[in-house]
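Taking it in order: structure first as structure tokens, then the write-up.
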Amino acid sequence: MADAELAQKLARRQAFNEWVEGSPGPSPVMRHVFNPYTDFPEFSRKEIKEYEKTFKKYDVGADGFIDFQELKRMMEKLAAPQTHLALKEMIQEVDEDKDNKISFREFLLIFRKANAGDLTVDSGLDQLAKLTEIDVDQEGVGGAKSFFEAKIEEQKRGSKFEEEIRSEKKERIREEEERKQRKAAFLKKANFFGQAKA
């Protein structure tokens, strides 16, 4: 966790050092180096990867943004078509940089707002959040029930990322230890056969 924060600060410092007054685009003071894992600690790594998969699925142009037309197609595919005006309002509600497109960070904001209850009920973004959160038909009612129970349990746990990172670290340590043991066993056998020849 500390490494990620340090990397983020160093990247911000580098961007500031490279930015020249009068350069196009916002100054580094206004610009934020985006890291979904540190910027959205309320989501697990698995959730962020699922949201990213959904985002990429509808980012047809593969430019890192969902533009107006892509959002229109997305809502149609989700069986919740929107009017032209409603689509514009959806974008405006999360469009932090006012570029009239939804970046992955802004896409995650939709789910943050949905979880916090900050979306107008049955608005376009509310429908998008509900329709992309879980597919009840695919999971079944039991799957949906266990999904929401798991969600509640997950929110009770304090730092999900730290637990996941600790578990990944333990796994790497265990694998490294096994590798060392295999190498030691191999060297022991090699020495035994080397002595047997002599």
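Along the chain as shown, residues are numbered 1 onward.
Glycine is treated like the rest: Cβ placed from N, Cα and C.
Noted in TrEMBL for the protein shown:
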type	residues	note
DOMAIN	46-81	domain 'EF-hand'
DOMAIN	82-117	domain 'EF-hand'
REGION	159-179	region 'Disordered'
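Mean per-residue pLDDT, taken over the domain 'EF-hand' (82-117), amounts to 89. Break the domain 'EF-hand' (46-81) down by DSSP state and the numbers are 23 helix, 2 strand, 11 coil.
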